[in-house]
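Annotated in Swiss-Prot:
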- Cys4-Cys34: disulfide bond (DISULFID)
- Cys12-Cys31: disulfide bond (DISULFID)
- Cys20-Cys52: disulfide bond (DISULFID)
- 2-52: domain 'Kazal-like' (DOMAIN)
- Asn41: N-linked glycosylation site (CARBOHYD)
Amino acid sequence: TVDCSDYPKPVCTLEEMPLCGSDNKTYGNKCNFCNAVVDSNGTLTLSHFGKC
C-alpha cells in the first residue's frame, strides 16, 4: 500500500519510481499517484509497483 495522507502536493518532482494504479495507468512516482488518489476521492488504488 501507499500512504497518501500528506497529499495532495502542489508540485511533484520528476523522480522516476513508477506505480500502476487500479485504473491501469502508470504514474511516474508516488506524488503523482497520490495526487490522483486524492482527486479520485479514494476510488483509485495501487495495483502494483512498477509500470502497468
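All positions are counted from 1 along the displayed chain.
Glycine is no exception: its Cβ is also placed from the backbone N, Cα and C atoms.
Recorded features from Swiss-Prot, shown on the structure.
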| residue | record | DSSP class |
| --- | --- | --- |
| Cys4 | disulfide bond | coil |
| Cys12 | disulfide bond | coil |
| Cys20 | disulfide bond | strand |
| Cys31 | disulfide bond | helix |
| Asn41 | N-linked glycosylation site | coil |
| Cys52 | disulfide bond | coil |
Measuring Cα to Cα, how many angstrom lie between Cys20 (disulfide bond) and Cys34 (disulfide bond)?
12
Sparsest-packed among the disulfide-bonded residues, when each Cβ's other Cβ atoms within 10 Å are tallied, from Cys12, Cys20, Cys31, Cys52:
Cys52
Near Cys4 (disulfide bond) in space, meaning Cα within 10 angstroms, which of the recorded positions do we find among Cys12, Asn41, Cys52?
none
